[in-house]
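**Student:** Pasting the relevant annotations from TrEMBL:
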- Gly9, Pro10, Ser11, Gly12, Ala13, Gly14, Lys15, Ser16, Thr17: ATP binding site (BINDING)
- 292-405: domain 'Phospholipid/glycerol acyltransferase' (DOMAIN)
Amino acid sequence: MGINIALDGPSGAGKSTIAKAVAAKMQYVYVDTGAMYRSVACYMVTNGVDLDNTEEIISKLSEISIKLEYKDGAQHVILNGEDVSDKIRTPEISMAASKTSAIPEVRAFLFDLQQTMAKENNIIMDGRDIGTVVLPNADVKIFLTASAEARAQRRLKELQEKGDPSTFEEVLRDIEQRDYNDTHRETAPLKKADDAVEVDTTSLDLQQSIDEICRVINEKLGVKKNDDDGAVKKERTPRVLMEVQPISKTHHVNPLKVLVYGILRWAVIGIYHLYYDIRWEGTENVPKDGGNIFASNHRSYQDPVFIALHARVPLSYMAKEELFQGNKAFKWLISNLGAFPVTRGKGDTAVIDTSIEKLESGRNLAIFPEGTRSKDGKVGKGKTGVALIAAVAQTKVIPVGITFEGKLKFRSKVIVRYGEPIVPAEIGASNTDSKSLRVLKNKVMEEITSLVHE
Ligand SMILES: Nc1ncnc2c1ncn2[C@@H]1O[C@H](COP(=O)(O)OP(=O)(O)O)[C@@H](O)[C@H]1O
Ligand SMILES: Nc1ccn([C@@H]2O[C@H](COP(=O)(O)OP(=O)(O)O)[C@@H](O)[C@H]2O)c(=O)n1
């Protein structure tokens, strides 16, 4: 029997996005039960079954076979041999699933498949009745909520990105209708299990929600491990406890140091204004806390300082190993400015671990994905390391574009632009799925390029 985490809640609360991120981090299997209900609905709609005709729906169940397959870490839903992963995500199928899922026979049909998956694997399963009906003995139960307006806004954004013309009012109406259906049906209605922890994500962004869920899971698995009531406990892999540690951010950074750092920062900003004709744009995109990756094009040795000057939390960055081998005073200086060594061209994996440790200790991290400085200002091809670090640490990536003409000199005109943070989980980036890492890396490079050419 594996470790089971149950995640329930209404549509748009963030269940599947968060479950995917947690599964990637802990190397658990993610089971999306909503996708199973959607597949049943999809079969009925495709075969012209009247959704008000319960008898006909029940009679068609025997024609359905559903499998969840995992390719490159991503879940695919296979309905009678066809991959329907995309087809089941339309508003029409959402509403149809909400209707057909109220039928007890439909629920019984999927129940066995869900329980079997939970027996065989360490899983995180999301849905409506996981903590109450499917896995009543789950190790961790979480009930995720958010206001209907916040959830509708998130869904609308998602639909608009796919080119769907739905309006906010339509999306909100659909969400409220589905909430009503899910909470009022007789069999397995949506409700919080008595022993579930409730997390409201209305005022949390996606990264904060992931961090909070990781914290709850960690605490729950930790409590169970230590608890001493004499009951027989399942064996657990200690690694689990390590891997769900959320990025700790500000609370590891000494406030006094942050204050001193702030004063120094403004002094240096003043000096830079005197020396260069410099401008920072998009500073509203710089998070107030630490533990973020700043991914930038690379023009000069000054780049880490340019980037760091508008972040409140100090920054670490990789610097070539040779710089640490010469003068001791220089080594001391760059180390204190946040540099750590990387061996270039040898696939240095220790540097990935060091980067994650820096983020976990609450520092920001600057990465130059091109790996080397560009002499002519053109943005080169990026390496995937930036995506790997972001996906493992599940931390935001703030793209940065640095622009100046020719060589950097006195009164050079310099522009440093910060772009909107990229959240790895929002684009499905997982460290076990190399394709998703390339997608994330490409997105980061596209953003950097457009910031440079703005
Ligand atoms: N806390 C959050 N803040 C902002 N956006 C979020 C948050 N949680 C989820 N999202 C976004 O909202 C959308 C719906 O989330 P999803 O995980 O599909 O919800 P659910 O599985 O609960 O229906 C996704 O586009 C996701 O990126
Ligand atoms: N365990 C579950 C999961 C989903 N469902 C139903 O299936 C529909 C689609 O689920 P989903 O999780 O994919 O929906 P979203 O939250 O992603 O919008 C929901 O509206 C529910 O009616 C359910 O009844 N029980």
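Each Cβ is built from the backbone N, Cα and C atoms, and glycine gets one as well.
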**Student:** Of Gly9, Ser11, Ala13, Thr17, which binding-site residues come close to ligand 2, meaning Cβ under 6 Å from one of its atoms?
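**Tutor:** By the Cβ criterion, which requires under 6 Å to ligand 2, the hits are Ser11.
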**Student:** Validating a neighbour-count step here. Other CB atoms within 10 A of the CB of Gly9 (ATP binding site): how many?
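**Tutor:** Around the Cβ of Gly9 (ATP binding site), 28 other Cβ atoms lie within 10 Å.
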**Student:** Identify, among the binding-site residues Ser11, Ala13, Lys15, Thr17, the residue whose Cβ has the fewest other Cβ atoms within 10 Å in this structure.
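**Tutor:** Relative to the other binding-site residues in Ser11, Ala13, Lys15, Thr17, Thr17 has the fewest Cβ atoms within 10 Å.
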**Student:** Could you give me the DSSP helix, strand and coil counts for the domain 'Phospholipid/glycerol acyltransferase' (292-405)?
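**Tutor:** Secondary-structure breakdown of the domain 'Phospholipid/glycerol acyltransferase' (292-405): 39 helix, 25 strand, 50 coil.
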**Student:** The domain 'Phospholipid/glycerol acyltransferase' (292-405): mean pLDDT?
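**Tutor:** A mean pLDDT of 89 is what the model gives the domain 'Phospholipid/glycerol acyltransferase' (292-405).
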**Student:** Using the centroid of the Cβ atoms of Gly9, Pro10, Ser11, Gly12, Ala13, Gly14, Lys15, Ser16, Thr17 as reference, list every other same-chain residue with Cβ within 8 Å of it (recorded ATP site), in sequence order.
**Tutor:** Ile18, Asp126, Leu144, Ala146, Arg151
**Student:** Under a three-state reading of DSSP, tell me whether Ala13 (ATP binding site) is helix, strand or coil.
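**Tutor:** In three-state terms, Ala13 (ATP binding site) counts as coil.
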